[in-house]
Amino acid sequence: MARTPNIALVDYGVGNLHSARKGLEAMGARVTLSGQPLTLSAADGVVLPGVGSFDTAITRLNDRGLGDAIIQLVRAGQPMLGICLGLQVLFDSSEEGRLPGLGLLPGRVRRFRSEPGLTIPHVGWNQLHFDNVDCPLWRDLAAGGWVYFVHSYYVDPARAEDRAASAVHGSQHFTAAVCRDNLMAVQFHPEKSADTGLRILKNFVERAASRSAAEVAARCATRPPA
């Protein structure tokens with residue numbers, strides 16, 4: 001990457017920003033922590049982390065004007081990566097709460113069903129199975145990598161084509177990642193998933209950098225000669 005991309009890490013009082021920031025910086029990004037919509041719009045890419053409850057996350061995003069800002073940025077083509085709860089809030093609704101989600105992806109967040117011997121929350125390492133091998137997050141990754149999960153709820157996309165990866169907990173297959181154009185999100189924590197997770201973060205950083213470079217080239221091409 002010729003230019004260091006600026007990645008905005010959304011600070012809205014929900015999420016482990018320290019680990020995500022360290023992981024992104026290790027992969028070549030300049031990271032800005034911000035809860036300001038204008039700062040997010042100036043970045044080359046945005047990472048939306050999150051841990052905790054669905055309604056709390058939605059409330060804090062909306063109270064800060066970040067919900068509408070994120071929707072507008074995604075629709076404008078800005079690369080966006082959701083992590084854990086940051087994936088779930090992208091959907092229409094959740095069994096956990098009563099507030100509507102951001103609605104960027106159609107579908108609902110569901111709770112794992114109880115079954116004998118199954119631990120909920122799902123905590124620990126699990127294997128990824130790619131459903132969409134063309135998702136930019138999987139570049140230079142082999143299928144079957146192991147990543148780290150901490151969650152009781154999972155997303156159930158209304159469109160099968162939005163599912164980028166899946167995993168299995170007990171007898172239940174669930175969506176582990178989604179990908180649609182510039183919008184990507186994962187249920188697991190890439191910043192805690194060793195080399196596989198760091199490669200995923202690097203792929204997102206490079207995706208943001210390539211979009212930024214393309215925009216610079218387009219501006220130069222349309223600039224009138226001196």
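Including glycine, each Cβ sits where the backbone N, Cα and C put it.
Listed in Swiss-Prot:
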type: DOMAIN; residues: 6-214; note: domain 'Glutamine amidotransferase type-1'
type: ACT_SITE; residues: CYS84; note: active site, nucleophile
type: ACT_SITE; residues: HIS189; note: active site
type: ACT_SITE; residues: GLU191; note: active site
| For the residue listed as 'active site, nucleophile': DSSP state (helix, strand, coil) | coil
| said: Taking only same-chain residues 6+ apart in sequence, whose CB is under 8 Å from that of HIS189 (active site), what do you get? | reply: SER19, ILE83, CYS84, VAL147, TYR148, PHE149, VAL150, GLY197
| field | Mean of pLDDT values spanning the domain 'Glutamine amidotransferase type-1' (6-214) | value | 97
| message | So if I measure Cβ to Cβ from GLU191 (active site) and keep only same-chain residues at least 6 apart in sequence, which ones fall under 8 Å? | response | ASN16, SER19, ALA20, LYS22, GLY23, LEU24, ILE83, GLY197, LEU201
